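S.K.: Quick one: structure below, then a few questions.
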Amino acid sequence: MDRYFTRKRKATRLPLSLNKSTSEKKSAGFFTGVSVLLAFFQRAHVAQVAFFYTKLKENGAKVYRLEDKESLARIKFEPLIVVTDNVSKVLNFIPDHCEKWEFVHKSWLEKCLSKQQVLSTKSYQLAAKDNNDHKNVAGHASASQKAIDSGRDSEDSEDDASKTTLTRLSVDEYQQRKDFASKIPVYCCQRKTLDKPCANEKLYQLFLLLEQRRLLENAMHALAYHRAAAVLRVYPYELLSVEEASWLPCFGAKCLKAVKEYLKTGNIQECVEFEQSERFQCLRLFCGIHGVGPTTACLWYDQYHLRTLQDVKSFLERKRLEGHPLAIKEYGLQYYDDLQQKISRKEALDIYHHVESAFREVDPHLSCCLVGGFRRGQEYGHDVDILGCHRVEEYGHVGKLAAILQILGKRFRYLSLEHESSSNRRYDELQVVKGGEEDDDASSEPTSLDGPDSSERFIGLIFYPGEEKRSIARRLDIVLTRKSEWTFSLISWTGSSFFERDLRRYCAKERKLRFNSHGIFEKHSKQPVQRCNSLTEEQQVFEYLQLPWLAPEERCA
């Protein structure tokens, strides 16, 4: 039996407007004289063929299917409307078709049956400008099909394509862009991302703003915009059309809709309204307080109706009197202006050299490294992250952090916001910080494994001599880790945070592993992989995970 009729779609699953009986038709036979080829390949669409076939026959159309090879051989040089979900497969099946054939999306047929008249195919076409170029037709058609499936008018139909800038590119330029887009890996841990402005900088910033809005409102799909923004960082061409954007990985229906609006107006209305809203201004102000993330900021705005820093100060004073531990937020508020000023590379290196000197005074075998954004080559940052370990003994770092801080206190005045040694917790008891009450960085995971006091960490403020003889508060994180965890901690603390997020996602989905700052573990048994202790260099970790080697400055996703 024909495969199209083996899975009949129930009428109740179709739009109500299509469930009219023949006696209810406004104009029976409105398809008379029209030849239609039904060529569906996706299973969900194949199930609808029986319904479409019956309706077209009832309304006087000549209906064909790909299985009707003899009929197609007779009519392949005649005008025909091809309703399909994959133009390239149709072209492979019938390479020498007539130039008058029109490839349209199935939504055209649904509209015709709903309105009981043959509508123009202009807004539903999947054909490219040059039907003689087989590959060009397939490429244009698949991109147009993706646009229509997302609920938009086709931007690359024959009529619209002539109006877009993309069609003005030469064949070589067009193919060069398409080839480059097709080679961009899905995960940012597989591609080089440098810290420099991209060709679509404004759109990139707008996508980050869309992500920020959804994070602040606890909405879904926030990461979808960040992933798309990360792809824009590595795409060297300015986007000229929605079709071009559809070639890129991580660009789904919502991102393509935003691209369409941006290309049409030069902005995204949702971003404009959000930036101008009181809510956004207040939430951004609150998130600038060290220790406050989106969840706390929304709570203050929505539940406690706070609007200014003075409101926050009064609120925290009341909470402190009630016995709530709010030291981090109070200090973050007290030194708000200082912490808003970015730290220069020169300043960060000076702080690092003082800390390194303190390390050597405590124990010559202690070593440290400046990590975070400054290790990735950035010129400015919000804090200074320093990672250290004992190069000889596995637990040689235990108890050394207090001595390091004592020496450092002779050079800088410092304020401890958190000074902890990890307890003896198993790997499966780890609690990962979500939503960014402090940092979204992957490296901010609580430390553990199976050894006692596996790491020590200082999170605080130091008062660095600034201009006009005034000390300025600077955020400083110092982490001491076990010797065997050094390589994994170095990768995690180098960042960027989104690079680390995608690295963990890649390990989980593609390698069935778990990666964090303590090592590489089996996904289900949560036991360290056998080669974990032998991976002493970053390059070895990348090689084990089957990833291309990326230097720290190439991880700025």
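Glycine is treated like the rest: Cβ placed from N, Cα and C.
Okay, these came from TrEMBL:
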- 26-126: domain 'BRCT' (DOMAIN)
- 135-163: region 'Disordered' (REGION)
- ASP383, ASP385, ASP477: Mg(2+) binding site (BINDING)
- 428-454: region 'Disordered' (REGION)
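Each of the listed features needs to be described in terms of its position in the shown structure.
M.R.: Of all the Cβ atoms in the protein chains shown, 19 others lie within 10 Å of the Cβ of ASP383 (Mg(2+) binding site).
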S.K.: Average the pLDDT scores across the domain 'BRCT' (26-126) and report the rounded value.
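M.R.: Mean pLDDT across the domain 'BRCT' (26-126) comes out at 80.
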S.K.: Relative to the Cβ position of ASP385 (Mg(2+) binding site), how many further Cβ atoms are located within 10 Å?
M.R.: 25
S.K.: Can you name the residues of this chain that are 6 or more positions from ASP477 (Mg(2+) binding site) yet have a C-beta less than 8 Å from its C-beta?
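M.R.: Within the chain, ASP477 (Mg(2+) binding site) has Cβ neighbours under 8 Å at ASP383, VAL384, ASP385, ILE386, ARG457, PHE458, ILE459.
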S.K.: With the Mg(2+) site defined by ASP383, ASP385, ASP477, which remaining residues of that chain have Cβ atoms positioned within 8 Å of the Cβ centroid?
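M.R.: So the additional residues around the site are VAL371, GLY372, VAL384, ILE386, ILE459, ARG475, LEU476.
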S.K.: Per DSSP, what is the helix/strand/coil residue tally across the domain 'BRCT' (26-126)?
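M.R.: Within the domain 'BRCT' (26-126) the tally stands at 41 helix, 17 strand, 43 coil.
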